[in-house]
Amino acid sequence: MLDIIYYFNIFGCLTMGMALLLIQTAPQLINPHYRNAKRFLGIASIIVALCNALIFYNRVQESVAEIFAMPVLVAAQLQAALFTFIVLILFHSPYVCRRNILRHLCPTLFFVGLYLLTILLFPDVRIYSVDEYIANITNPVLLLRTVFAATYLTQIVIYVRLFRREQRNYIAKIENYFSDTDKYEFRWASRLFYEAACIGIAVLVFSIFPAPLFDGIITVVITVYYFDFGVRYINYQYKLYYEALPAIEEKEESQLTKESEGDKELEDEMAKLLLYLQQGVVLGDYAEALHIPERKLSVFINSTYGVSFKRWVNNKRVEYATEQMAKHPDYTMERIAELSGFAHKSHFCKIFREITGGSFTEYKNR
């Protein structure tokens, strides 16, 4: 049964790798990072298939998987780095560059090189149980593999912290350009990243307790995960978010010099516009109506009101909602939410409580 699972894994990863490499990217998607990431993901899928073929070969030869097997640790470490940076690309993170990728791969390259050197001087013992591991703990090669496993766990923690930081930075940026950011936050990418982190930890547990049943489960999960990740990454191009977020890729400009008269005039013009009552309003709508660049308007809102564009829109919507409540006390919550530009009552309740400090009912009964 386990042999069939491995065959399925190898075939599935090879198929997905070829699909990622051969399916063409939409010509409208001009951002080269996505193209490169899709290509690397395809290559990684093929490499995983080859690594699993090697692991399967060793398993057939030895019938039992060994503790802290070097091929397993290397494949897991490379996959952890790969998925982290591929997801960060979706967040337009400037952290994704060749220098940072190589920096995170340095520990793996170091341990692989040191491992190849060490096995020339000392025997690489095969360990299949915890008792055997304890009995051979002084073996230099086994110690090296153990330290590599500990480093791998540390890397996973680093990747999670890195992902959370870049995700916060990305959301903070898009809130300066969009009032409704749900569809731009890539929750599917966040879910896939945390799934990858959980799989990475599960692989580490498997490398400590290499039971055949666990081996089969992990192999099936990895196969399904690669297929799911690959399909979502291929379908991502049809959403064309990169066309919707041109301003995020601009280089951060220096703080614009504030001109009091011009700012006051701009503030008055913005007060006359009721675009915030439209669902899905974006910064570009205001910039077009005011005939100024989006970046300049974003900086103006940040410096004048001390909030992001999203927060400013929500403040104006809640302000309008309270005015309507005073003028029309017979209006229902659904009616007030719709008039104020909120698409869903639940979202209106959340934002209303966040800004006013109380619920809709509490405010209405004052």
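Including glycine, each Cβ sits where the backbone N, Cα and C put it.
Residues annotated as transmembrane segment in TrEMBL: 6-27 (among others).
Marked as transmembrane segment by TrEMBL: 39-57 (among others).
The annotation transmembrane segment is assigned in TrEMBL to 69-90 (among others).
The transmembrane segment annotation in TrEMBL covers 102-122 (among others).
Taken from TrEMBL, the feature transmembrane segment covers 142-163 (among others).
Sequence-distant contacts of the transmembrane segment (192-211), counting only residues of its own chain at least 6 positions beyond either end whose CB sits under 8 Å from a CB of the stretch, comprise 64-69, 72-73, 76, 79-80, 83-84, 87, 128, 130, 149, 152-153, 156, 159-160, 163, 218, 221-222, 225, 228-229, 232. What TrEMBL records for 192-211 (among others) is transmembrane segment.
If one looks beyond the transmembrane segment (217-234) by at least 6 residues along the same chain, the residues whose Cβ comes under 8 Å of a Cβ in the stretch are 2, 5-6, 8-9, 12-13, 16, 19-20, 23, 37-38, 41-42, 45, 48, 52, 83, 86, 188-189, 192, 195-196, 199, 202-203, 206. Annotated transmembrane segment per TrEMBL: 217-234 (among others), in sequence order.
According to TrEMBL, the domain 'HTH araC/xylS-type' annotation covers 267-366. For the domain 'HTH araC/xylS-type' (267-366), the predicted model reports an average pLDDT of 84.
If you count C-beta pairs under 8 angstroms between the transmembrane segment (142-163) and each of 39-57, 69-90, 102-122, the highest count goes to 69-90. Helix, strand and coil residue tallies for the domain 'HTH araC/xylS-type' (267-366), in that order: 72 helix, 1 strand, 27 coil [DSSP].
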